[in-house]
């Protein structure tokens, strides 16, 4: 019975005998690698999954939410942002600089809904409460005025502001996607990035609405102009790289529509929620003097 060593090197001994018989023979070394069935299929399946994840994450700006659409985990990634990032984005929305794109320099492929949501909520209460306080301060010297809190203004402000902050970005993103066609441009923004830019652009209206409490008409319109210039500049500087490759007419019309809608929101809030204060800025009318006649009684 042969030992293990004899069996182990039997193949090499036969090769050595052949080489000794014919030294000029050529040799060929082959290494067989085991082929595991199904490896290629698994690789194809993984690539298909990655392509599907890329397509689904394109709408969300690079984020890949986990879980089903109806679960809390799906929306949790949209609010995954810390205080430093939110403050940096708020600062960027109030200090627009030429050449600094809000999406590229502040969002950095990580848009959120936390900041835009709370900005809209804060703006709703600042506009509604500021309108009530402005009315109270302007009517303070009128003895016939009785203060009544107008809580319905909170509902109206919520409907207007949230519709603007969600509906306008949806329409703008759909229009830009349609203009870009099937092959999207490099500078195109996702739906979540577009909505995030609009949400942070509304922050400047919060201190503006607070200062509207001061009952001076010239101050109100001055603040409106400053707020529109700052907030409109953020939107123009952000979306100009996307529309500049389009035709000149479409690019200018798109930017003009963005600024116009932003202006109408500010002017509409001012005229509706602070209209009572404007109407009573003039002098309070006084009642006409009552003339009394004295009669003398003759005896």
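Every residue gets a Cβ built from N, Cα and C, even glycine.
Predicted automatically and left uncurated, TrEMBL annotations should be read as such.
What you are looking at is a predicted structure, and each value in this text was computed from that prediction instead of being measured.
Taken from TrEMBL as is:
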DOMAIN    95-266  domain 'Yip1'
TRANSMEM  113-134  transmembrane segment
TRANSMEM  154-176  transmembrane segment
TRANSMEM  197-215  transmembrane segment
TRANSMEM  221-242  transmembrane segment
TRANSMEM  249-273  transmembrane segment
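Across 113-134, 154-176, 197-215, 249-273, the stretch most heavily in contact with the transmembrane segment (221-242), judged by Cβ pairs under 8 Å, is 249-273. For the transmembrane segment (249-273), the residues of the chain that approach it from at least six positions outside its boundaries are 127-128, 130-131, 153, 156-157, 160-161, 164, 168, 172, 175-176, 179, 201, 205, 208-209, 212, 220, 224, 227-228, 231-232, 235-236, 239-240, 243, judged by C-beta separation under 8 angstroms.
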